[in-house]
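What TrEMBL lists as domain 'P-type ATPase N-terminal' is 3-40. The transmembrane segment annotation in TrEMBL covers 12-32, 38-57, 238-257, 301-320, 898-919, 931-950, 962-988, 1008-1027. As annotated by TrEMBL, domain 'P-type ATPase A' applies to 72-137. Annotation source TrEMBL lists ATP binding site at D366, K367, T368, E455, F498, K521, R557, T637, G638, D639, R729, K735, N761, D762. Annotation source TrEMBL lists active site, 4-aspartylphosphate intermediate at D366. Residues or ranges marked as Mg(2+) binding site in TrEMBL: D366, T368, D758, D762. The domain 'P-type ATPase C-terminal' annotation in TrEMBL covers 784-1037.
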Amino acid sequence: MQNFIFKNLAEQFSRMANVYFLIISVLTSLPLSPKDPFSLIGTFIFVLTLSAVKEAYEDVQRHKSDEEANMQKCKVIVDGKEVEKIWRNVEVGDIMKVKKDDPIPADMIILSTTDTEHGLCFIDTCNIDGETNLKTMNAMEVSKHIKDEGDLGKLTFDIECELPNPSLYTFSGSVDTNLSESAVSVSVNNVLLRGCVLRQTKTVYGAVIFTGHDTKLYKNASTAPFKVSYLMKMMNRCLLLVFSFQAIICATNTFFAKRFSESDVGKNQVYASNPYFLANDPDFNFNSKLELGIGFEIETWLTFVVAYSNLIPISLYVALELVKLFQVVLINNDKEMYHEDTDTPTNARTSNLVEELGQVKFIFSDKTGTLTCNVMEFACCSISGIKYHTVKTFDSSGSTFLDTNKFKDLGGEANFAQSLFWKLLSVCHTVLAEYPEGEEPDLNKVKYQAASPDEAALVSAAKEMGYGFLKGTPVLYQIKNAYSGEIEQWEILMVIEFNSTRKRMSVVCKSPEGKTLLLCKGADNIIMDRLKEGGEHLSPLGDTNEHLGEFAEIGLRTLCLAYKELGEEEFKDFNEKWYKASLSIDNKDELQDALAEKVENDLILVGATAIEDKLQDGVPEAIETLADAGIKLWVLTGDKQETAINIGFSCRLLVHDMNIHILSGASTVTELKQHIMEIMMKDLKDGESEETKHAIVVDGATLTLALNEEVKSQFLEFGLLCDVCICCRVSPKQKAEVVKLVKDMVVSPPVITLAIGDGANDVSMIQAAHIGIGISGQEGMQAVRASDFSIAQFRFLVRLLLVHGGWAYKRVSKFILFYFYKNMMNVFTEYFFAFQTSFSGQILFADWLSIGYNAAYSSFGCIFGFCLDQDVSATTVLRNPRLYEFSMFGMGFDMYKFFGWMMLAFWHAAICYFLPMHFMNDAKADDGIMMGHWFHGTTSFIALIIVVHLKLGVMVYSWNYLVYAGIGVSLLLFFITFMMLCTYWMSTGTLAWQEEMLGMSTLLFTNSKFWLCIFITSFSAIVPDIFMKYIQSNYSPFPHNIYHEIEMGYNENGYTKPAKKGNANITPG
């Protein structure tokens, strides 16, 4: 509890406004303060307490969740016996016993499983990476045979491994046990991580290596980078301006107070003609104010700082958070952004950036799983220079339909190239074959669990062609050959796994014929670079390259297949080096990658595959709408150039009358820079029609050069001049670098960037952008967990930005401006009064009225008036995407608008001060006594309250029950508290909160001049505003002004009837 209090206070006072109010609270408790200390200090403590209670509640919930997890029970083996422990007490070195469907309590190395032959177990990693497919893990070879708990109790081991880190997919270590003479290497496939769940395996035993905060799950639980919206940064600048303005007017008043103190009136304490000058008090003397002994000027300046402390609204952050919270609720509950097929709603994971959704200028999108469904279907292939299609919709000139009958016609098993092609697909993978529990393996009932949809599609295609992957272990794959009727045994000697850097995977295996083969599949450019030069290939290079181009042109994802035969000595030497590299702790991956690079060379090309990944519903329409809204879309994909271009046309990102510039083939930075400048001078700046659209297509190698310091500014300028940019063959790191290039270098005017993706390779890009959007797709939940907002389909992005983003921006902008306006209006009224008090520091409004004004009397109407304000309906926005430009270009909030609102506050304050002073100057009570300063001040305050709410009514477009309730509650609270302050009990009785207010309500409400004054003041203040709004909306309207009038039923022929308001959505074409 003590720790929480100090941490919470430290966090709260990291805000500039809270530090300011702490200083003001201290000043109000000093003799120089013109205000009652309790009024401000009490309110400040209330605001701090409210925030602390919210944080405490969230902290308690987290504590309960942690306690629930830490108090779970688990089993450990101690001296050969099973002992029960709670998770909190698990220690490094414990031997854990985990049963089927139990969660893993700590990171541990697998010692043995109930599958003592192969040491296999199956785990569900959904809680870690969101992937629902089961993964196969292996026990260490030296201990996988142990099944007796007594033997485990006798086991001794010494583990040397990497330090705790967040990498989920790598692990380096070695274990020295009493079961072997030398240490054995441990890889990520031998480790179970905390958060995984054991499936389809009765029992697993493991040695704990990391617990608690050292586990990889916890290391990945770090929060995403804290992001602050551009609008909030602007607001903070406005706060600094207000601070400066306050300091200046306080200094000005101090100057005049000093001049007055040195004048004859000040020195002689003459009453003069000023009824509010404190010299009326015979005990008053200017020098008597020097109670702190810090000088007249400093004390007077501090007095005015306290008097004008309402310039900074104490409740601004709390009220603003409420408005943003309303936007989050609206986003999360929008049924138009709910995906019924997957039962996935849109989720706003933060309220900090809701208004930023309305200012997006650049979208950086992944392709696979973001624009496409990431549901793969084997479509075409190229074998022996012949093009085949397995899906009839891809029938094209020169292509042959391939099925099992055609395969037999081609020679079947006797055709070495054909049979090797399909056997390679059925062996070179890490797929898990899953069957209904308790049933024997049957290819008719198999379900392939794969790390990626591509692998599952390739293995399924091999099964359809007669080479079905039946089941596998780490050392043996069984392939059912439909032509021979036999079950072939392929011994797996080594798996060199795929990663985003290698872009390929290989399997070293022993074929049924006893040959040692390296089977490899990967990206076509990667495989082509590793083929045997001058050698004969099973598929001619020229024909295969031609087919790859044709596949890419119709938007298919391509891979190449290759193999080589390894000699016995060659494999033995490679295996020994691989084993030594696996024992390295610090650079295991680098050493193994270097070895793989050497062995994966001089390959023989077997053929190529092409997989279809269909576009998501509504993607073309969504991209078209976003482009109409003025948003630029950059696609960052790992696909080859032709595939990316074709997908670009399919989703309407590219159009046929667009000038497409391809950046490829440059070998140096100088060459690339020259090429970019030539294109810019020739096509973009030499009189070409402004209506011509341009697009850039750049490959990964060229992009590496383009991001170099010497040329990146030219590349960025080129990209900004174009409407579309497609980057091909990019790595995850390059994705983030492209986003940062635009985010960091385009600063005048600044642009808001948004990154959207669905996989782990998109996380760096999502976190680098101003706004990160994660799509709940086929590649797990890593992108969603790193994002600020999550959606189920790309098409929902249109509604999220154009509708909710546009609304949120306008609501938050108007709220901030209005909040500053109402507080400045309050202080300006006090400022005018200073001239009548000869700058003595006397305040105009009673303390509790000023505090109530900020906290309640003007806040509820402001919050509820703007939190749901809606100038145009969603239907209108989606039909007219250019309405988004108002928020995208920040036309609702800038420094000019802020200064304009300051001047409006000055004008309204002048009316609310001088008119009541003029009207009520000679007002008398029933007993003939002249009304005093508090009478005038309260009249001005009531006029202030009414004008603020009238101005609110002029600004609000959408009147609903919340608006009426907010305004009603504010006015009702004012009336009730005002009447209470005027009672004997609260003014001079038991509480004595505001003795100046005794009987004030009776004096005011029974005076006819008061009512006339309130009417004339309110009328004089608001009529010019209404007139100016009429002029603006009729002679210089924004587009949303016009569409608002159309919705309200106004047109050239006058008023008809309001248009129907309804929800709209982008529907698939």
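Cβ coordinates are placed from backbone N, Cα and C, and glycine is handled just like the others.
Nobody curates TrEMBL annotations by hand; they come from automatic prediction.
Quick caveat, the model's predicted, so the values are computed rather than measured.
Here the binding residues for ATP are D366, K367, T368, E455, F498, K521, R557, T637, G638, D639, R729, K735, N761, D762. Their largest Cα to Cα distance works out to 24 Å.
Here the domain 'P-type ATPase N-terminal' (3-40) has, by DSSP, the following mix of helix, strand and coil residues: 27 helix, 0 strand, 11 coil. Each of the binding-site residues R557, D758 was ranked by the number of other C-beta atoms within 10 Å, and first place falls to D758. Cα to Cα, G638 (ATP binding site) and D762 (Mg(2+) binding site) are separated by 11 Å. Take the CB of D366 (ATP binding site) and look out to 10 A: across all protein chains shown you find 30 other CB atoms. Only residues 6 or more beyond the boundaries of the transmembrane segment (238-257), in the same chain, are considered here, and those with a CB under 8 A from a CB of the stretch are 16-17, 20, 297, 300-301, 304-305, 308, 311-312, 816, 820, 824, 831, 834, 838-841, 895, 898. Counting every protein chain shown, the number of other Cβ atoms lying within 10 Å of the Cβ of F498 (ATP binding site) is 20. Counting residue by residue with DSSP, the domain 'P-type ATPase A' (72-137) contains 7 helix, 33 strand, 26 coil. Comparing Cβ neighbour counts within 10 Å across the binding-site residues T368, N761, the minimum falls on N761. Note on the transmembrane segment (301-320): residues 15, 17, 20-21, 24, 27-28, 30, 32-35, 40, 43-44, 47, 50-51, 239, 242-243, 245-247, 249-251, 253-254, 289, 812, 815-816, 819-820, 823-824, 826-827, 830-831, 834, 841, 843, 850, 853-855, 859, 862-863 of its chain, located 6 or more positions outside it, place their CB under 8 angstroms from a CB of the stretch. Closest in space to D762 (Mg(2+) binding site), of the binding-site residues given as D366, F498, R557, is D366, taking the CA atom of each residue. The average per-residue pLDDT of the prediction over the domain 'P-type ATPase N-terminal' (3-40) is 77, rounded to a whole number. Of all the binding-site residues listed here (D366, F498, R557), D366 has the Cα closest to the Cα of D758 (Mg(2+) binding site). Taking a C-beta cut-off of under 8 angstroms and a sequence separation of 6 or more, R729 (ATP binding site) has the following same-chain neighbours: A523, N525, G638, D639, K640, Q641, D699, G700, A701.
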